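Heads up, the thing below is written out as structure tokens.
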Amino acid sequence: MAPATYIPVEADEEHSSTREQPTPETTHSDDHDADDGLEDLEAKEGYELKELDPDARPPQRGVVGGSLDKEAGDDDDDDDDDHEGGGAPNGHARRRRASVQSYELYTPDEERRVRRKLDTRLVLFVALLYLMSFLDRSNIGNARLAGLTDDLHLSDDQYQWLLTAFYISYILFEWMTICYQLFPPHIYISCCVFAWGVLAALQAVTTNFAGILVLRALLGIGEAAFVGIPFYLSFFFRQDELAFRIGLFISAAPLATSFASSLAWLIVRFGDHTGIASWRLLLLVEGFPACLIAVWAWRWIPDAPQTALWLTSRERRVATLRMRKESDGDGGVLSEHHVSQSRVPRHKRKFNWREALRTLKDPKAYLTAGMFFCCNVAFSSMPVFLPTIVHSMGYSTLASQSLSAPPFLFAFVAVLITVFLSDRLRSRSGPMIFHACLAMAGYILLAVAGTLRFGHLVRYLAVFPICAGFFSAVTIVITWTVNNQPSDEGKGTGMAILNVIGQMGLLLGTRLYPDAEGPYYVKGMSVCAVAMAMVGVLAFTLRMVLRAENARRKSGWREAEEEEGEALVGSRSKSESFMYLT
């Protein structure tokens, strides 16, 4: 047997202990033991394990070998050629079962560098887009206080219809999430951003109820097309990395709300000196910049890791390889089919309708959709009506605009801490239940405060845990939905189910705070408290379902290994080998 080649690599900080230099002579049993460690390393860290030519000269220390830019499939071709080329009878088996010393890994430092670039150049950019999206949908509440209803002579019922029209079209077009797999994302996303920017800005020139109602409905279509971004991020991040990145994305919503309140305060304060109505200036200033950002998005947004212009050639290679286990169903071994598929852009691959139908029949998809429905009852109502609620506490219009910002800034920080811990603990149900209970307690306090006529300070402080609770719960349930599906088609369909059913909670949430029930809105607070309690119940139920499913799959694998051996186990499809995060 040819001596094994040892390549020193820099270890991750978690595995920074020095590795002993292996002896050149390794027995057959040692190869099996080392291969077990190799598979554990690959499964845990997701590093590329590339076979080296045993006759090739070992690369220098600190240099990752010269065949880095080869396509992943080249390794498999080399294996086949070696086996067919008259080598030892068991040569192919030996190469497949080689020890860790005869493999080449991309280093943890490389992976961290790529992940950092994806965070700063992609995640923060789509978070900026979502900030602008949420700004344009929720600034109607600030515009109302700035004189919208007075200038257009809108009744309370007509104002409610402005909110409802947006969410009706928003819900009806949630199925467009699957378009991220059907069209090039950079074109699709930039067109969505440009569309809602134009529509949001046009609201500033409307002169009657019918005109602004139509624009609000069209705005709902433009923003519905954008909500599949968590699915899009799963093209670039692994299962246990996704919550933090979706958290960065979703946390733009409370940041947008606090920013909208601060900007509204400035516009209301200085807008009268411009000769333009404050609410018109508000809608124009917050809507039009999206048109400019859309041009930037066309160039900046990548369709996949291998097309990111802001990554080097090597970084694109690492970014693609690190996602291998997320996109392949063969346990990390790149078959010829998967290699050829990985080179084809997602929007050019054949859509697997069987996976989509499987997701439509999956009860887990409807449990997360139920949680999202309950979350949205609170998620939709509080950002729109918080300025009105604060104003009803006795504060002036200017003070109401400014006091609406701190609860959402607190929620922004809470979301980031929550998703960081969720990924570290590899748990979705725990943070979900905690924040559902936190928001429920806040709503109960507001309902009791309205009944017993508590002071303004107590009611205002109760808003902080509410905002932190439902924003964090929304982030976790979206991440959980993507985590629960093994295929791209399943993720896209799961997100469509989540949004079509879940966004119906918006229709209820936007009607919980009519003027007639002010200033305490006891009924609205009570309904939201019940909704958040249901989120906790459904999260616990899904946790039990997923634990039972994982246990059943593990048991089935052990039985298959005992009866049929590794050949059958290795032939499992991705949906069969998938493990759920609970």
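A Cβ is built for glycine as well, from the same backbone N, Cα and C atoms used for every other residue.
Under the heading region 'Disordered', TrEMBL lists 1-101. For 41-58, the entry in TrEMBL reads compositional bias 'Basic and acidic residues'. What TrEMBL lists as compositional bias 'Acidic residues' is 72-83. Per TrEMBL, the feature transmembrane segment maps to 122-140, 160-180, 187-206, 212-235, 242-267, 279-298, 365-386, 398-421, 433-454, 460-482, 494-514, 520-546. The feature domain 'Major facilitator superfamily (MFS) profile' is assigned by TrEMBL to 122-551.
Counting only same-chain residues 6+ beyond the ends of the transmembrane segment (520-546), those with a CB under 8 A from a CB of the stretch are 363-364, 367-368, 370-371, 374-375, 377-378, 381-382, 385, 389, 392, 429, 432-433, 436-437, 439-440, 443-444, 446-447, 449-451, 453, 466, 469-470, 473, 477, 480, 484, 505, 508-509, 512-513, 580-582. Taking pairs at least six residues apart, the transmembrane segment (398-421) and the transmembrane segment (242-267) share three or more Cβ pairs below 8 Å and count as touching. Listed as Cβ neighbours of the transmembrane segment (279-298) (distance under 8 Å, sequence separation of 6 or more from its ends, same chain) are residues 125, 128-129, 132-133, 135-136, 139, 142-144, 146-148, 151, 186-187, 189-191, 193-194, 196-205, 260, 263-264, 267-268, 271. Between the transmembrane segment (212-235) and the stretches 122-140, 160-180, 187-206, 242-267, 365-386, the greatest number of Cβ pairs separated by less than 8 Å involves 160-180. In the predicted model, the domain 'Major facilitator superfamily (MFS) profile' (122-551) has a mean pLDDT of 83.
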